[in-house]
Amino acid sequence: MKALFISCALLLSALSAFAQGYQFTEVVTVPATPVKNQAATGTCWCFATTSFMESELLRMGKGEYDLSEMFIVRQKYMNQLQDNYLRRGEGNIGQGSLAHTFKNAYRQVGIVPEEVYKGINYNSERHNHSEMAQYMKAIADVAVKNKKRSPEYDKLIQNLFDTYLGQLPATFTYKGKEYTPKTFAESLGLNMDDYIELTSFTHHPYYVKFDIEVPDNWEHQLMYNLPLDEMIETVDYALNNGFTVCWDGDVSEKGFSFKNGVAINPEVKKVEDLSNTDRARFEKMDEKERLEEVYKFEQPYPEVKVTPEVRQEGFEAFVTTDDHLMHLTGIAKDQNGTKYYITKNSWGTDRNKFGGYLNMSESFVRAKTIYVMVHKDAIPKAIKTKLGL
């Protein structure tokens, strides 16, 4: 545990000393476990949600755990294959998914520590599901074509996952005690029903659930729809009260720069909020030149004021897409007072200078969030009442 907090302190020091002109001050941080690397897989959904659950265990006083992502991922693949077959090959058997997939698999099969099931049974130090995914699709296609899942089909699927991910443990010993995956899950004390997914879009009524229309919601789970300000209020309330937030959103924009440790949504059409020096420079530039300037990431600039209408426009134009899940663990401010969310990624620690973290501006989060997942107690009381929770 001590190593965990030391690493967090070093990380925040690095983020605060962003050499290219961004100067961040920590407002609040919530404990998190070390950054992992999803590597050549589309399993960010599981890495982010597992990290979130590990922070929940810290919050609950259970201590630091390193849980197995691939144990959950394997069950997710099994569920997808079942769904795809019954949908006559029209289901989603890609690697992506959403946070509730973790909850569903956890309820089905439990969980194990990373040391018990690493999920790498091939000649690599890092995860890579590219080849396995191709074989999985080929086997799935044959079953659909034959309109039958034979005993050999079941053996092929299990052998495929055993070959790439390793055989599943029926029982295991952890810290001197023997468990099954389900009894280990019970020992953690996590209740999957406590975790609520929240979104904000104008094409559905507020304060009711709807089936969010993104490809990775292949399980067609329902999420509560909130006004944009109340979704952000919930994120802030959670972080300020010792909870973390599982985040899903769009990272395809130029303003998302993991290398530079920031995700921004700069305003380049209006110059009124710029300093006199910057305004003089920007007035001589066209919009393309202004964008090139702000995306050098050399200093913070004023950001877009994101309304529900602006957000909805991006979603319906397919500009804001369901790309990536990450883990929000705190709040910071830059030298201009702009708010950012301290964000734990799952791309390892060697792809930027900030230990695998970045800071996402509030404007970016308002515009680019697809949904968030929080503990029900991390939702402000007035909002919980509106949702009937």
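Glycine residues also receive a Cβ, built from the backbone N, Cα and C atoms like all the rest.
Automatic, uncurated: that is what TrEMBL annotation is.
According to TrEMBL, the feature active site maps to Cys44 (among others). In the shown protein chains, 22 other C-beta atoms lie within 10 A of the C-beta of Cys44 (active site).
Neighbours of His324 (active site), defined as other CB atoms within 10 A of its CB across all chains, total 24. When secondary structure is read from DSSP and collapsed to three states, His324 (active site) falls in the strand class. For His324 (among others), the entry in TrEMBL reads active site.
The feature active site is assigned by TrEMBL to Asn345 (among others). Its own atom aside, the Cβ of Asn345 (active site) has 27 Cβ atoms within 10 angstroms in the protein chains shown.
DSSP assignment over the domain 'Peptidase C1A papain C-terminal' (32-141) gives 57 helix, 5 strand, 48 coil. The feature domain 'Peptidase C1A papain C-terminal' is assigned by TrEMBL to 32-141.
Sequence annotations record features per position, and here TrEMBL assigns signal peptide to 1-19.
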Determine, to the nearest whole angstrom, how far the Cα atom of Cys44 (active site) is from the Cα atom of Asn345 (active site).
9
